[in-house]
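Visitor: Copying in the features that TrEMBL gives for the protein in this structure:
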- 108-131: transmembrane segment (TRANSMEM)
- 123-375: domain 'G-protein coupled receptors family 1 profile' (DOMAIN)
- 222-245: transmembrane segment (TRANSMEM)
- 266-288: transmembrane segment (TRANSMEM)
- 294-311: transmembrane segment (TRANSMEM)
- 323-343: transmembrane segment (TRANSMEM)
- 355-377: transmembrane segment (TRANSMEM)
Amino acid sequence: MPTHPNYVNLARAPMWFYNRITSQGTPDAQVTEFLSLDTLQYTFTQSSKRSIFHMKMHDPPTGQQCHHPLDRTFHWPRSVSAFNSSDKRLPDTFILTGIPGLEPFHTWIAIPFCAMYVVALVGNAALLLVIGTDSTLHTPMYLFLCLLSFTDLALSSTTVPKMLSILWLHAGEISFGGCLTQMFCVHSIYALESSVLLAMAFDRYVAICNPLRYTTILSHTIIGQMVFVGIFRSVAIVSPFIFLLRRLPYCGHHVMAHTYCEHMGIARLACANITVNVVYGLTVALLAMGLDSILIAISYGFILHAVFHLPSRDAQHKALSTCGSHLGVILVFYIPAFFSFLTHRFGHNRVPRHVHIFLANLYVLVPPVLNPVIYGARTKEIRSRLLRLLHLGKISV
């Protein structure tokens, strides 16, 4: 039986892989050889009717094979061409392995991630409830804050449940279509949140620099148009990622060292030139987050100039306090995003892989957690109404 010439080595394969292979499995999956758990090497062999997956593990210090009582035969139900380097077909599934190098700590890492996710859900849901049930808060500033909370909930809910299932349950398998869908949601929601922060900066600029025309400039119609433009822009610039990834051959590479699917993580699995993906990804980052951050900085330059020319100290303090909450949210959003983006493209070989993946997890968790905390703690109107809502809830109980 001829052996396929390609070999794939997975150093320190995560425990979920072994759990999956050693399980009793399905009728079309049986294990052939179960050797030591140090280094996994698998080769593909082909018979006339099926592909047979031989799994061998070698102990790195001695290279000797160590047989295990669970020796069985493992028949891989897919055709071998799915793994052939000359095959152009798209993979059926990807396997997300979590945070590389930190596999022994996955269970413990998932605990704070889960706690942060719960805080994000409760905090943003509370903001939406408070603003939605109080008609006096239906002003442009709080409507934008509602949209920010909604994007935070969508961003964290798109990534964290799968992340926790990988870290806790070792359920790393995801379909190719599901991976592209998650990638599209993550990047489009992130671009939309950047647009929301820009709109909030414009709101503060109008409120401080042109207060007499505030309600005229930021009417509900204008706000609706701004939201539509933000959604259209995020979908328009992220959609090409799908076509750029589907055109690439993957040559059977389907193991991704990550906890969720993102554009460059998928592209680096391809066995072809990905310059177009790199250039377009850089262009999107500059046109979306880069341009938005520049416009936000310009607007705050005008805001600070206007604030320091206010005649009253109390007015200056109130204006700076309102802007301080927004500036805190901006820093929480952009700093982790830019760091992850720059290290992924320019520091790929300098920054340890586990550091990059860990930070990529934080930038989908930290903003949704801190945004409601910042606005709830620093905005008097939200804080007082939330306390009133909680008090009424206690009375009703």
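Each Cβ is built from the backbone N, Cα and C atoms, and glycine gets one as well.
Walk me through where these features lie, including what they touch and how far apart they are.
Guide: Counting same-chain residues at least six beyond the ends of the transmembrane segment (108-131), those with a Cβ under 8 angstroms from any Cβ of the stretch are 99, 102, 137-138, 142-143, 145-146, 149-150, 152-153, 156-157, 160, 163-164, 167-168, 361, 365-366, 368-369, 371-373, 375-376, 382, 385-386, 389.
Cβ atoms under 8 Å from those of the transmembrane segment (266-288) belong to residues 85, 94, 179-180, 183, 187, 191, 194-195, 233-234, 237-238, 240-241, 244-245, 248-251, 253-256, 341, 345 of the same chain, restricted to positions at least 6 beyond its ends.
Taking Cβ pairs closer than 8 Å, the transmembrane segment (294-311) reaches residues 197-198, 201-202, 204-205, 208-209, 319-320, 323, 327, 330 in its own chain, all 6 or more past its ends.
Here the transmembrane segment (355-377) has long-range neighbours at 98-100, 102, 113, 116-117, 119-120, 123-124, 126-127, 145, 148-149, 152-153, 155-156, 159-160, 163, 186, 193, 257-260, 262, 325, 328-329, 332-333, 336-337, 339-340, 343-344, 348, 383, 386, meaning same-chain residues at least 6 beyond its ends whose C-beta is under 8 angstroms from one of its own.
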